[in-house]
2 protein chains.
Amino acid sequence: MELNELTNASGEWLRGAGPESDIVISSRIRLARNLADFPFLSRATEADRAAIEQILQDTISKLIEEKKLDPNTLYIKVGDIDQLDRMFLVERQLISRELADATGARSVVIDPQERYSVMINEEDHVRLQVMQSGLNLQAAWEQVNRLDDLIEEHVVYAFSDRLGYLTACPTNVGTGIRVSVMLHLPALVITRQIEKVFKSLQKISLAVRGLYGEGSQAMGDFYQISNQITLGLTEEELIAKVADIVPVLIDYERQARDFLIRESHETLHDRVSRAFGILRTAQTISSEETMHLLSSVRMGLNLGLISDLQIPTINKLFVHTQPAHLQKLAGNDLDSAARNIERATYLRRHLDGNKPNGPTQN
Amino acid sequence: MELNELTNASGEWLRGAGPESDIVISSRIRLARNLADFPFLSRATEADRAAIEQILQDTISKLIEEKKLDPNTLYIKVGDIDQLDRMFLVERQLISRELADATGARSVVIDPQERYSVMINEEDHVRLQVMQSGLNLQAAWEQVNRLDDLIEEHVVYAFSDRLGYLTACPTNVGTGIRVSVMLHLPALVITRQIEKVFKSLQKISLAVRGLYGEGSQAMGDFYQISNQITLGLTEEELIAKVADIVPVLIDYERQARDFLIRESHETLHDRVSRAFGILRTAQTISSEETMHLLSSVRMGLNLGLISDLQIPTINKLFVHTQPAHLQKLAGNDLDSAARNIERATYLRRHLDGNKPNGPTQN
């Protein structure tokens, strides 16, 4: 399978299915692992990095040969692809911005259905992540655990009986797990309750981030909730910590939506309907405005204020209108002004209400 | 003919036809006249007002009997109709806000095609106005002149050989004529040239007003250009003064449009397209925003950036979305919030692009 075959695809986390998918976009679990025989990357030589990369490439090849991984699994040396493809993978949440921007030997293993990816030589030697559409942490945990075991059949991880898995950053030591749930919380934003909610989450050691992880702005009212510590609790306990709070957040968001529907139905309907109108008629539009408007449309769709459109279409538009996706879809490099025009064209084509099944097709 | 029969109609000045109708909405000529046998209204008693009103009502009746006026001519005692109907006539430009808000005996004569109206007991005893769609001052002049002669067959006007027609306000003494052309100048507004243009007009004694005359804001980029003095020049000279400057203004506006199309085509297309999108999807919208958006759409239509819509539809929407029209069309009194919802509903119904001939129908 080629990287370009992913361009028009959608991937697991954009499916818009799974439990609570009106509010929960995806559930993600990532494990940080390091090979016992090599120093952490901060102290590794170029030769170390290359050796680590080679060992893991061999491991993936063996797992494919053993029919334990899909034969269409992608193995991409991130240094060998161009900047546009790297940004494409970041937008798709298959690699981190850090892996994209790093130097030296580094790779990513990608499941053809985009249910998982493995970053090699990011902050740790190995970072496995599994994504599930909707609220489905248990399934994500089972899958990442299986993937972890498969790799461990071929390599020896750095592990301390006292501390657990050893990682480059002390915050990951222990289980090396990060449990994240991506939520769409537009009504909490509109009713100005979001800050209060986040402060409560921080008090119980949960982190809140934007769509593209650490340091990224919350665009389109998407927020990632994840555990901040990995030490002193088992994986199951850490998963439960996130899993227990998500229904509370879902309930808050639903209450805020009910409030808006009840107390300012026309204003909400107006916001949603205009957002849809602008997305279908703009001739030039920025990524930021697109996210903002799509967020309103997504909520409106879930509240029955808009029909004739599917959630997976909206989820896909959030990602496909990002700069690298747009350029991959257009087939050439575009400057910012040209991207804004291309984005508007793309949106009009995909949101044209006249085509009965148009919106879900490319 | 009943007043209510006008509700769904459009009237001459909304026809969107006539020369230069992409920029010139209408040409209007008004004459101020007073009866020689009565004092000006500022000094008239209630009995005087009633007598003046009766004389002119009789005059109109005779002209209808003599088949010199259409038998469907409306004669409305403004004090006898309710506030909503008065505002309706103001929005339709058939009476002034002053006549609507005055007290005592006062009337309006309305041509069934709305080509002319005669206000009785406004600032002067008689004010005749003729409207023509597009740039057509000569036709307006011929019609108002004929109407003036018809009335003069039955009454004696206050006239001084030295000064000409005598009027309540010295600025109208002489010919009593006001020559107005209503222009749609969105590109001069966008390119911030409009103020400069108006300053030049003031230097040559031309007045600039908004859509609803003296003191009204320029809404929807509509501007009325008219003469400021009536003394010392003949009617023909005063008409020429306005008629000569209008082609210059049209040329400025066309140049500004060409500039926008050439230098910022995407931005202009985006503005027009979004305006159309919002008008077709808003669930609640103010009169001010409606005028603003319709102005963009009207320009876009004239520049070929929008199709599937007719200028008369847009002209009509400008007027039919005004508060009194909306309430007349809805058939009941509505508060501001309810009007904003009704307005949005009305706009969506009339701008739905799916109906091939929908937009021009009611």
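Easy rule for this one: first residue shown is 1, then count along the chain.
For all residues, glycine too, the Cβ spot is worked out from N, Cα and C.
According to TrEMBL, the features are:
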BINDING   B:26-30, B:ARG127, B:178-182, B:209-214  ATP binding site
DOMAIN    B:23-256  domain 'Phosphagen kinase C-terminal'
Hey, what's the Cβ neighbour count for B:ARG178 (ATP binding site) at 10 Å? 23
Cβ-Cβ distance under 8 Å to B:ILE29 (ATP binding site), same chain, at least six residues away: B:GLN129, B:VAL130, B:LEU137, B:ALA140, B:TRP141, B:VAL144, B:ILE177, B:ARG178, B:VAL179, B:SER180, B:ILE239
Surrounding CB atoms that lie within 10 Å of the CB of B:VAL181 (ATP binding site), all protein chains: 29
Mean predicted confidence [pLDDT] for the domain 'Phosphagen kinase C-terminal' (B:23-256): 93
Between B:SER26, B:GLY210, which of the binding-site residues has its C-beta surrounded by the fewest other C-beta atoms within 10 Å? B:GLY210
